[in-house]
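Chemist: Below are the features listed in Swiss-Prot for this protein:
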- 1-20: signal peptide (SIGNAL)
- 54-107: disulfide bond (DISULFID)
- 60-101: disulfide bond (DISULFID)
- 61-94: disulfide bond (DISULFID)
- 108-122: disulfide bond (DISULFID)
């Protein structure tokens, strides 16, 4: 059986849809990676997070910053997030926590965006 032109076009469309990454999200992820070293870090918090609100997995974040950081605010706005409504810190360059992580695990309660590059509502455990 010979493949028809319709079969070929359907296969091409599926391949393009699967392999294409949203350019906007890719640009935002790159921007987060770029600013991670420029943001003002958050000091250790004196409050203990409610562990029942932590989203699994616990994360290892390159840095934590305030949601109102002027460098980060445009990225949050691009994602439709109002920084003033975030409770806790914003984690940058996050990935699932392992024993090899150089920082304490992060409890993030609100979201894990851009493939872990950005996490909201974070605090150190």
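Numbers run from 1 along the shown chain.
Glycine is treated like the rest: Cβ placed from N, Cα and C.
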Chemist: Counting only other Cβ atoms and using a 10 Å cut-off, which of the disulfide-bonded residues 60, 61, 101, 122 scores lowest?
Modeler: 101
Chemist: Quick one, of the disulfide-bonded residues 54, 94, 108, which Cβ has the fewest other Cβ within 10 Å?
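Modeler: It is 54 that, of the disulfide-bonded residues 54, 94, 108, has the fewest other Cβ atoms within 10 Å.
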Chemist: What subset of the disulfide-bonded residues 54, 94, 107 lies within 10 angstroms of residue 60 (disulfide bond) at the C-alpha level?
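Modeler: Correct set: 94, 107.
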Chemist: What's the CA to CA span in angstrom from residue 61 (disulfide bond) over to residue 101 (disulfide bond)?
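Modeler: For residue 61 (disulfide bond) versus residue 101 (disulfide bond), the Cα atoms are 9 Å apart.
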Chemist: If we check Cα distances from residue 54 (disulfide bond), which of the disulfide-bonded residues 94, 101, 108, 122 wins as closest?
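Modeler: For residue 54 (disulfide bond), the closest Cα among 94, 101, 108, 122 is found at 108.
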Chemist: I'd like the Cβ neighbour count for residue 107 (disulfide bond), meaning other Cβ atoms within 10 Å of its Cβ, all protein chains included.
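Modeler: Excluding its own Cβ, residue 107 (disulfide bond) sees 23 Cβ atoms within 10 Å.
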Chemist: Rounded to a whole number, how many Å is the Cα of residue 107 (disulfide bond) away from the Cα of residue 122 (disulfide bond)?
Modeler: 5
Chemist: I'm trying to understand the geometry here, so how far is the Cα atom of residue 122 (disulfide bond) from the Cα atom of residue 94 (disulfide bond), in Å to the nearest whole number?
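Modeler: Roughly 11 Å, rounded to the nearest whole number.
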